[in-house]
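Engineer: The structure that follows is given in the form of structure tokens.
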Amino acid sequence: MEAQKNTSSILVSEFLLICFPNLQTWQHWLSLTLSLLFLLAMGANATLLITIRMEASLHEPMYYLLSLLSLLDIVLCLTVIPKVLAIFWFDNKSISFSACFLQMFIMNSFLTMESCTFMVMAYDRYVAICKPLQYPSIITDQFVARAAIFVAARNGILTMPIPILSSQLRYCAKIIKNCICTNMSVSKLSCDDITFNQLYQFVIGWTLLGSDLILIILSYSFILKAVLRIKAEGAVAKALGTCGSHFILILFFSTVLLVLVITNLARERIPPDVPILLNILHHLIPPALNPIVYGVRTREIKQGIWNLLRRLKEVR
């Protein structure tokens, strides 16, 4: 029996992604929707990055943090969506071991990096409103650089064991009932005990995301407390307006993530394609909305985009 398991694990050199097995007739329409959202996410984030890079007035720590968020969104989209579209359009279901575990690492690490970036942005807003006189000396370019290193190091190091543990397992099957290489979908194919694998992801995921969420809530609690003390007319609306875009993005990110967790916990009560679809949309809709929300609500970014468009017209 042991020899048979070893033989099976050796024979499996790649995985097959079976995407939406119960929605075959809808895959073309779904692929069109995903393609449009993908183009929107790529275009919006690229426009935001170019605008911040070209506009000297946007060379400030707050916008550098927004640039970091856009970079994370672009990498997440490029890691997930092209492969999903390749499955829909070209029936390219195979994915190598190395590509699968690389995708797993990027999805886990960059998702927590986004959460950590939101936490740093919440701290930025806390200092701006609660300690405005100290803001220029606290939130500096050096602070942003250190924060970016912290975001990458903390989440990259702590999530790296997830794909490493999965890659060390012996696999007796190759068909993944998902569009992407999530740890749970892949590890279920193993002949070995995956209890520690699942436990590590659960503990690390909730520790990283939970600690970020707690710090975000604390930051906004202090912000709200400080704002309610302001008695000048219009000052409250102005103070809350500076946090509005950031709060909307955090709320949306957390809500989609919570819905995804609930649907995975209630997997037996809902169609199997629903968690798969929500997982894909979670890697696509926030990246598409983040730059749009900031672009619409932030006057400086809107002005920067108009200046960029004017420059392009002058070049032509």
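One-based numbering along the chain as shown.
Note that Cβ sites are derived from N, Cα and C of the backbone, with glycine treated the same way.
Note that this is a predicted model, so its numbers are computed, not measured.
From TrEMBL, for reference:
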| type | residues | note |
| --- | --- | --- |
| DOMAIN | 44-294 | domain 'G-protein coupled receptors family 1 profile' |
| TRANSMEM | 29-51 | transmembrane segment |
| TRANSMEM | 63-89 | transmembrane segment |
| TRANSMEM | 95-122 | transmembrane segment |
| TRANSMEM | 143-164 | transmembrane segment |
| TRANSMEM | 199-223 | transmembrane segment |
| TRANSMEM | 235-262 | transmembrane segment |
| TRANSMEM | 274-296 | transmembrane segment |
Engineer: Can you work out which residues elsewhere in the same chain, 6+ from the ends of the transmembrane segment (199-223), have a Cβ less than 8 Å from its Cβ atoms?
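Structural biologist: Residues 108, 112, 115-116, 118-119, 122-123, 125-126, 129-130, 154-155, 158-159, 161-162, 165, 183-184, 239, 243, 247, 250, 254, 257 contact the transmembrane segment (199-223) from elsewhere in the chain.
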Engineer: Among 29-51, 63-89, 274-296, which stretch has the highest count of C-beta pairs below 8 Å with the transmembrane segment (95-122)?
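Structural biologist: Ranking 29-51, 63-89, 274-296 by Cβ pairs under 8 Å to the transmembrane segment (95-122) puts 63-89 first.
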